[in-house]
Amino acid sequence: MESSPDWIRMAEMDTNAPGLRSVPQVKPPRNPISLKQVETVISRSVAVFGIVFGAQTVPVLLGQIHQAQPVWVAVATITVFATLIVAMVASLADRFVRSSQGLVSIVYAAALLTWPFAVLDPALVTGTNHWLYLLLTVATATAAIAFRTRVAVAYLFLVPGFYGFVRLTPAGGSVDPLNDLFDVVYAMILGAVIIVIARMLRQAAAAVDAAQATALARYGHAVRQHATEVERVEVDAIVHDSVLTTLLTAARAFTPEAMALSARNARNAIEHLHDAALVVPEDGTTVKLRDVATRIRDAALTLTPPFQLRMRDIGPRSMPVQAAEAVYSAAMQAMVNSLQHAGKDEGVQRWLSAYGIGVDGIQVEVGDNGAGFVLSAVPQERLGVRVSIIERVAGAGGLAEIDSAPGEGTIVTIRWPAKPTGILGVPAEADSARPEVTS
C-alpha cells in the first residue's frame, strides 16, 4: 500500500494513556524516620549517659560512704547501678526498653526516699551535694522515656523537690536555702529540656509514621484502581472479541460459507472464554515468540478469504503469556475487522506478517488495500479498535498503531514491547528487515 498524506496515524499509546495510567513506582527512602527508630535513639542515648554519669558518681560515693548505714549503702549502690546496666543492655537489645528505664526511675526514687533515714550522724554530713544528686538528671530522663508525659512531668517536680527538701534538713546537711534552690532548679531545667526534646521527637516521628501510612494507603488504592481498569479493558476486549463479534457474524450469515465461519467463530469463542478463565494474571509464565507467531498464522489459515502470509522465523526468545495473549487477540481482531470492513471484492488483498524486533520483541502487521476508514470518526462506543486492539496491547506493555484512509486500505501494526531493545546499540527498527511473501 502506498503512503498517503491523508493517513491517520494513531499517537503512541503506552501505559500513560488515559484509563491505563501505570501506578508510579515510588522509591522508598533508604532510612525512613519512624517512631520506633526515634525511641531507640533516645533510649540508647539516655542509657549511655546514665552509665557515664554513674561512673562520675563513684568518687563522690566513696567520699560519702561513711555517712550512711553500710546496709543501705550496699543495697542502694547495687540496685541503682544494676538498673543502669540493665537499662543499657535492654536498649541495645531493643527489648523491655520502657520497663528497664522505668525501673531506673523507681529504684532511684526509692533510694532518695530512704536516704534521710539511713544517715548515721547528721554531724558527719557535709554541705556538698549527695552522690544521688549526680544521677538526678538521669532519673528524670529515664522517666521521660518510660512514663507518659504527665507522669514524667510530675516526677520532674516531685523528685528534685524532695531532694531539695532533704537538703534543708540536718540529715541533708542543712544547706543554704538559696544554694539549695539553685541546685533543684538546675536539675529541673535539665530534666525539662530532656522531656521537651523527647516529646517533640516523638510527635515528629508519629507524624512521619502517619504520613507514610497515608501514602501507603493511597498507593494501595491506586494499585487497586489500576488493576481494576486493566481488568475492565481485558473483559471488554474478551466480550467484544468472543461474544459480540460472534453474534454479529451469525446475524449476517446468509450463505453456507458464512454459516460455517459463524459456527467456527462460536467454537473459538467458547474455547477463548474457557482459556481466559484459567489464566492467572502475572503468574510469571512465558511463551516463545515463535509459538505466538505460529498460533497467529494458524488462525489466519482458517479465515476466508485467505491472508497472504509474510512470516519469518523469530527464534527461541520468549515473552510473558499475558502479553502473548494480548498480541494474539489484537491480531485476530485486526484480521476479523479486515474481513468484515475491507470489502468483498476479489481485488482486495490481505496480508499478515510477523517477525522479531530487537533482542526480545515481536511485531505483527495485518494489512489490506480495501475500503479503509477515518479513524477519528469511529464512535467511542465501538470497542473493536479502541479496546480490542489499542488498549489491550498497551495494557500488556506493547504498542498498536493504525494507518488508514478511505479508499487506501488499513494497516494495523502490533509491537511488543513498545520500545524493544536493539542489538549492540542497533535500533530495534533496523534489527529485522521486512520478510518476503512466503505463501
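If you go along the chain as it appears here, the first residue is 1 and each next one adds 1.
Even glycines carry a Cβ here, placed using N, Cα and C.
Note that TrEMBL annotation is computational and uncurated.
From a predicted model like this one, the values you see are computed outputs, not experimental measurements.
With a cut-off of 8 Å between Cβ atoms, the residues of this chain six or more beyond the transmembrane segment (46-65) that come close are 73, 77, 80-81, 84-85, 87-88, 90-92, 101, 104, 126, 128-131, 134-135, 137-138, 141-142, 145, 194. Residues or ranges marked as transmembrane segment by TrEMBL: 46-65 (among others).
Here TrEMBL flags 71-90 (among others) as transmembrane segment. Residues 43, 46-48, 50-51, 54, 61, 65, 96-97, 99-101, 103-104, 107-108, 110-111, 114-115, 118, 135, 138, 142 of the same chain, all 6+ positions outside the transmembrane segment (71-90), place their C-beta atoms under 8 angstroms from a C-beta of that stretch.
Sequence-distant contacts of the transmembrane segment (102-118) (same chain, six or more residues past either end, CB-CB distance under 8 Å): 50, 68-69, 72-73, 76, 79-80, 83-84, 86-87, 130, 132, 135-136, 138-140, 142-143, 146-147, 155, 159, 162-163, 166, 169, 171-172. According to TrEMBL, the feature transmembrane segment maps to 102-118 (among others).
Summarising the annotation, TrEMBL assigns transmembrane segment to 130-147 (among others). For the transmembrane segment (130-147), same-chain residues at least 6 beyond its ends with a Cβ under 8 Å from one of its own Cβ atoms are 39, 42-43, 46, 49-50, 53-54, 56-57, 60-61, 64, 80, 84, 87, 97-99, 101-102, 104-105, 108-109, 111-112, 115, 155-156, 159-160, 163, 167, 172, 183, 187, 190-191, 194-195, 198-199.
Annotated transmembrane segment per TrEMBL: 154-172 (among others), in sequence order.
What TrEMBL records for 184-201 (among others) is transmembrane segment. Listed as Cβ neighbours of the transmembrane segment (184-201) (distance under 8 Å, sequence separation of 6 or more from its ends, same chain) are residues 38, 42, 46, 133, 136-137, 140-141, 144-145, 149, 152-153, 156-157, 160-161, 163-164.
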